[in-house]
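As recorded in TrEMBL, the features of this protein are as follows:
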- 33-216: domain 'tRNA(Ile)-lysidine/2-thiocytidine synthase N-terminal' (DOMAIN)
- Ser38, Gly39, Gly40, Pro41, Asp42, Ser43: ATP binding site (BINDING)
Amino acid sequence: MYLFPDVSPHFLAVRRAVRECVRDGILVRGESVGVGLSGGPDSLALTAAMMAEGLTVTAICVDHGLQEGSRAVSEQAAETARLWGAEAVVVPVDVPAGNSLEAAARAARYQAFSRWAAPGNGVSIPSRGERVSFANTVAVAHTMDDLAESFVLAGLRGNPAAMAREAVIEGCRIVRPLLGVRRADTVGACEEIGVTPWNDPQNADPAFRRVRVRREVLPLLGDIVGGDAVPALARAAGRVQVEATRMESTTVPLATKDLPQATRHDIIAGALRAAGAKVSKAHVEGVDKLITQWHGQGPRDVGQGLVALRVSGEIKIEEKIHD
């Protein structure tokens, strides 16, 4: 078993994020889970944290073949994961030429994840009310900084969507444990655990819009507001995601814990109403306690033969099971 350093505040921040996913049932110890590992600081820190937290990990190192030496980068990343005790596989992909190299590479990458995780099988996101096998899960290392950048880009396209903590992409369940972690922590974590990350030259190429948002737009916004703009943008993205989830399902994400109480109560009431439960002050407050005062309590009766229970990173409203 690989021994990671004890004194490592940045690495601890990454580990805490993984630990929260385990606590919320998004990741499960003893169940196989993939992790997208490019060799960059974010994915190296996530892979190391997942190993340190006792998860059963296979690192999926996708070689996009877009740069000279890309195969060696993927092989080195896989070897690092094996050193930490993970399984690892290098997956070469073909990235078709087109208008957006970034989008084509992303599609090829997620197709590779899907082939590894669930060959021939489709899966459904748990927040839609369906269960999936955790063997179909791949964790990716998007950070709070990525979340803010993506939110700005989506807004500029007229579609202010946000990265979800869980999603289904190309038939594979994708989880993002690090949406509350800053990029500075993943970089710092790599220094603390003694690993040198690969720095993708495309991440410094202003030909890509994301790079210009990162290097020009976000610093300018920070200058305008007199502070770091990333946390505020991340909070806004989270609210957009919560609202989208509320409109599509009868579940309440645990992420609503960070929202104002009145907003959270409104979301809970909407989920109760959509499920056909009785909406009352007592029921709303009872469900709220499953989110904000969790200590292992069982299902909460919400009337009409329904209960609210905490499972897989969310509160579900479902029929009461009678013995």
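Glycine is no exception: its Cβ is also placed from the backbone N, Cα and C atoms.
No curator has checked TrEMBL annotations; they are predicted automatically.
Annotated features taken from TrEMBL, shown on the structure.
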residue : record           : Cβ within 10 Å
Ser38   : ATP binding site : 24
Gly39   : ATP binding site : 25
Gly40   : ATP binding site : 19
Pro41   : ATP binding site : 24
Asp42   : ATP binding site : 26
Ser43   : ATP binding site : 26
For ATP, residues beyond Ser38, Gly39, Gly40, Pro41, Asp42, Ser43 with C-beta within 8 angstroms of the site's Cβ centre include exactly Leu37, Leu44, Ala45, Ala77, Ala141, Thr186, Pro197, Trp198, Asp200
Mean of the pLDDT scores, which run from 0 to 100, over the domain 'tRNA(Ile)-lysidine/2-thiocytidine synthase N-terminal' (33-216) | 86
